[in-house]
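Summarising the annotation, Swiss-Prot assigns transmembrane segment to 1-25, 37-62, 73-95, 118-140, 157-180, 352-375 and lists similarity to another entry as the type of evidence. As annotated by Swiss-Prot, topological domain 'Cytoplasmic' applies to 26-36, 96-117, 181-351. What Swiss-Prot records for 63-72, 141-156, 376-384 is topological domain 'Extracellular', and it gives similarity to another entry as the kind of evidence. According to Swiss-Prot, the disulfide bond annotation covers Cys72-Cys151, on the basis of sequence analysis. Marked as site 'Implicated in ligand binding' by Swiss-Prot: Asp79. If you look up Swiss-Prot, you'll see Ser163, Ser167 marked as site 'Implicated in catechol agonist binding', on the strength of similarity to another entry. Annotation source Swiss-Prot lists region 'Disordered' at 193-303. According to Swiss-Prot, the compositional bias 'Acidic residues' annotation covers 279-290.
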Amino acid sequence: AIAAVITFLILFTIFGNALVILAVLTSRSLRAPQNLFLVSLAAADILVATLIIPFSLANELLGYWYFRHTWCXVYLALDVLFCTSSIVHLCAISLDRYWAVSRALEYNSKRTPRRIKCIILTVWLIAAAISLPPLIYKGDQDPQPRGRPQCKLNQEAWYILSSSIGSFFVPCLIMILVYLRIYLIAKRSSSRRKPRAKGXPREGESKQPQLRPVGTSVSARPPALTSPLAVTGEANGHSKPTGERETPEDLVSPASPPSWPAIPNSGQGRKEGVCGTSPEEEAEEEEECGPEAVPASPALACSPSLQPPQGSRVLATLRGQVLLGRGVGTARGQWWRRRAQLTREKRFTFVLAVVIGVFVLCWFPFFFSYSLGAICPQHCKVPHGLF
């Protein structure tokens, strides 16, 4: 019965991970650079299912190591290599999720296939550094008992503790702290969005008069509109007669440059205190401010009702605002794409948190008992069947 269950798990592992690799390599929607982590992780799991589990099953069923001693040393090194690689891959994925959520604007521009491949190479090098010492340093080996040969993991305390810390406990601690940080960021973002949904202004934000779009009537002209650009024609020393319509040439006077300073669209204003206050809040502000996230003046920062579209120039006139440049549709489409991307990042982070939590719970008993045998081998020895 055990052999049948393990055989089914081997086939299921190979088939499922092969589908993951095939989907990422063939589906255009899954060709994002971060999905290379899943390809490498699936490859490590396939190697475990093909090169490790069958020999472990044979060793358990026969009760001794049927294969040669050389293959035993290689088999143990590959076992540590592939299992450590799987765990460190999950740690790297959790860090990638954290950077994608906390530093969305900055990290997404740096998340290139080359960068992801370098991280994957680092993961495999860490796993190799943990698995190779038993092959290089044999240490004081106990003589083999007479009878059938056995193939066991390295029993020296220094290697047990160092490999357990590097393979499991350090990555596990990093994953727990990272997902706790992601949870706090999501909770803070949700609590910030609630008062703004009710119409309450942000702390420290003064109430600004509402500027109506072009073509609507304005009952009371705000004082902010009385500028050299507000009364067209006065820059040349005369005004338009009553009843004469304004032309586009009159609205834009070359002799009167706009008095509002330009604010870049690349998010620099947020770093200088216009919108966000920390890298973790950049993604939140990108979603909160909406498609009109870049204000025409510092007084209009982070106020959705007063924002012009991104990439547009705003001129104040007697009738309200005149928008020059790119239209609202393009800016709104870009904002919705960014918001959808951030939503996918958060949803994928939740799924990965569940998967990693189950993975950690499955690995913890082994590494705990394995380390406990090195700390107190006489009094804390775990029964062989339970191990």
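Every residue gets a Cβ built from N, Cα and C, even glycine.
The model shown is predicted, which means the values in this text are computed figures rather than measured ones.
With the fewest other Cβ atoms inside 10 Å of its Cβ, the least crowded of the recorded sites Ser163, Ser167 in this structure is Ser163. Remote same-chain partners of the transmembrane segment (37-62), defined as residues 6 or more beyond its termini with a Cβ less than 8 Å from a stretch Cβ, comprise 2-3, 6-7, 9-10, 13-14, 17-18, 20-21, 24-25, 75, 78-79, 82-83, 85-86, 89-90, 92-93, 96, 116, 119-120, 123-124, 151. According to DSSP, the secondary structure content of the topological domain 'Cytoplasmic' (26-36) in residues is 8 helix, 0 strand, 3 coil. Secondary structure by DSSP for the topological domain 'Cytoplasmic' (96-117): 19 helix, 0 strand, 3 coil. The Cα of Ser163 (site 'Implicated in catechol agonist binding') lies closest to that of Asp79, out of the recorded positions Cys72, Asp79, Cys151. Same-chain residues lying 6+ beyond the ends of the topological domain 'Cytoplasmic' (26-36) with a Cβ under 8 Å from its Cβ atoms: 93, 96, 100, 111-113, 115-117, 120. Spatially close to Cys72 (disulfide bond) yet at least six residues away along the chain are Trp65, Pro149, Cys151, judged by Cβ distances under 8 angstroms. Distance from the CA of Asp79 (site 'Implicated in ligand binding') to the CA of Ser167 (site 'Implicated in catechol agonist binding') is 12 Å. Long-range contacts of the topological domain 'Extracellular' (63-72) within the same chain, counting only residues at least 6 positions beyond its ends with a Cβ under 8 Å from a Cβ of the stretch, are 55, 147-151. Each residue in the topological domain 'Cytoplasmic' (181-351) has a pLDDT score, and their mean in this model is 51. Non-local contacts of Asp79 (site 'Implicated in ligand binding') by the CB criterion (under 8 A, 6+ apart in sequence, same chain) comprise Val48, Ile52, Ser56, Ser131.
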